[in-house]
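Annotated features in Swiss-Prot:
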type	residues	note
ACT_SITE	HIS63	active site, charge relay system
ACT_SITE	ASP107	active site, charge relay system
ACT_SITE	SER200	active site, charge relay system
BINDING	GLU75, ASN77, VAL80, GLU82, GLU85	Ca(2+) binding site
DISULFID	CYS48-CYS64	disulfide bond
DISULFID	CYS139-CYS206	disulfide bond
DISULFID	CYS171-CYS185	disulfide bond
DISULFID	CYS196-CYS220	disulfide bond
DOMAIN	24-244	domain 'Peptidase S1'
SIGNAL	1-15	signal peptide
Amino acid sequence: MRALLFLALVGAAVAFPVDDDDKIVGGYTCRENSVPYQVSLNSGYHFCGGSLINDQWVVSAAHCYKSRIQVRLGEHNINVLEGNEQFVNSAKIIKHPNFNSRTLNNDIMLIKLASPVTLNARVATVALPSSCAPAGTQCLISGWGNTLSFGVNNPDLLQCLDAPLLPQADCEASYPGKITNNMICVGFLEGGKDSCQGDSGGPVVCNGQLQGIVSWGYGCALKDNPGVYTKVCNYVDWIQNTIAAN
């Protein structure tokens, strides 16, 4: 889903040519099972991503909320049964109590699985942050979202993108008045590489720790409009307390 805030001048979209590499946007096909914490949220179709943080809990974006979700793990090609998948239904879905669907502040959600998953080489957890990552840190973004800035091409194979954490000043300048201290920007101010619709809820992993959740942006891969992500390091206590209480 990545909450898409449409450009006012959609008709002028052709004035922004972007070099589409036919991936996440501008990314590459991940090596199979190289992102074992990546999950697909399914309600008869893939609609969002998420990250496995222990054998019974997944973290995603609150704007991905549905009352019933099947979590699919161990996936590479989401349209083919490859034999390594685990499909588990949700038992509890818990949005952050202060999630604001208008501003997308606190865009984080926890999903308790109906039963623990089997951890192996293809299904593994990602660590929560021990501290907030500084600007310039290189991160990996992944998902099965749209691979085009203009038009739609939803890939079968998991897509990856290497991108840096941007300075908060650049993030705020890109989206004046819209960036809270619970949001970070990751990507490229020049455009061309970004997450997109369908990547929502998925991971931004930096040095082995989950630092971001795909949240929103103006369009995808547009100049001066980098992707905006939930700042996971602000929520470690909430995550741990919520899991302990449930």
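Cβ coordinates come from backbone N, Cα and C, glycine included.
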*Measure from the Cα of ASP107 (active site, charge relay system) to the Cα of every one of the recorded positions GLU75, CYS196, SER200, then give the nearest.*
SER200
_Through the lens of DSSP with three states only, how would you label ASP107 (active site, charge relay system)?_
coil
*Indicate whether CYS139 (disulfide bond) is helix, strand or coil by DSSP.*
strand
*With H, G and I counted as helix, E and B as strand and the rest as coil, say where DSSP puts CYS48 (disulfide bond).*
strand
*Using Cα-Cα distances with a 10 Å cut-off, which of the recorded positions GLU82, CYS139, SER200, CYS220 are near HIS63 (active site, charge relay system)?*
SER200
*Compare the Cα of CYS139 (disulfide bond) against each of the recorded positions GLU75, ASN77, VAL80, GLU82, SER200 and report the nearest.*
SER200
*Other than GLU75, ASN77, VAL80, GLU82, GLU85, which residues of the same chain sit close to Ca(2+)? List them in sequence order, counting a residue when its Cβ is within 8 Å of the Cβ centroid of the site.*
GLY74, HIS76, ILE78, ASN79, LEU81, GLY83, ASN84
*CB neighbours of VAL80 (Ca(2+) binding site) within 10 A?*
11
*Over the domain 'Peptidase S1' (24-244), what is the model's mean pLDDT?*
98
*From the recorded positions CYS171, SER200, CYS220, pick the residue whose C-alpha lies nearest to the C-alpha of GLU75 (Ca(2+) binding site).*
SER200
*Out of ASN77, VAL80, GLU85, which of these binding-site residues is nearest CYS220 (disulfide bond) by C-alpha distance?*
ASN77
_VAL80 (Ca(2+) binding site) in three-state DSSP notation_ = coil
*Among the recorded positions ASN77, SER200, which residue has the largest number of other Cβ atoms within 10 Å of its own Cβ?*
SER200
